[in-house]
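Enquirer: Sharing the features that TrEMBL gives for it:
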- B:39-63: transmembrane segment (TRANSMEM)
- B:75-93: transmembrane segment (TRANSMEM)
- B:105-125: transmembrane segment (TRANSMEM)
- B:131-152: transmembrane segment (TRANSMEM)
- B:173-191: transmembrane segment (TRANSMEM)
């Protein structure tokens, strides 16, 4: 019973995150904030959306 | 009681500082400390998220996880709560205050991976804090983070115009500054 409760709770939390993520994605950016960039050059976490490597990749693709 | 809370506040801000004493949040410490404005933006965003995340995770732990006897789920629950809260905060700020979004928006996704947030939520539980202690600790920890980040960014801005040996330029001199700051802050341990 405890395991089922834990799994159910986990599923609720994950679905809450997915719903909020999608809602946030669909919320339009305020005017003037379309091309905001963080001034970050610190670490090598390439999964981070603020990593400058992403901007460099976009520039080279263009 | 008030004296205890004051001690906890001073300890969490200065003595058990998240960055210089516990070595947490090193990524934003090195990455977002080149300019004072960025450091201030990151600091404010971290204060906001930690306070909200601590209250929510504390309530969730004692009102849901403990009654259901699934306390072992706290780590994964807290991670999901923090990630969800960051999304919620970003969405709320986008809709209500474009100017605030301009200054904080880019730093909000970074906070999801900031281990200071998770550590603060877990410490509230593992230290057995009451509500008042939890609130004080959750305000003190991010304040200490923001304070150190701001001081460090001010020093790094000055370093830009200073004469630094070539081999020490950039991150090496920043790490030396961080080490000296850690030593300076450890000297404050005697005040409590």
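Just so it is clear, glycine is given a Cβ too, placed from its N, Cα and C backbone atoms.
Annotations in TrEMBL come from automatic prediction, not curation.
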Enquirer: For the transmembrane segment (B:105-125), give me same-chain residues lying six or more residues beyond its boundaries with a C-beta closer than 8 angstroms to one of its C-beta atoms, as numbers and ranges.
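Expert: Sequence-distant neighbours of the transmembrane segment (B:105-125): 18-19, 22, 24-25, 27-28, 32, 38, 41-42, 45-46, 49-50, 53-54, 57-58, 61, 74-75, 78-79, 81-83, 86, 89-90, 93-94, 134, 137-138, 141-142, 145.
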Enquirer: If I count Cβ-Cβ pairs under 8 A between the transmembrane segment (B:39-63) and each of B:75-93, B:131-152, B:173-191, which range comes out on top?
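Expert: Going through each listed stretch, the top one turns out to be B:131-152.
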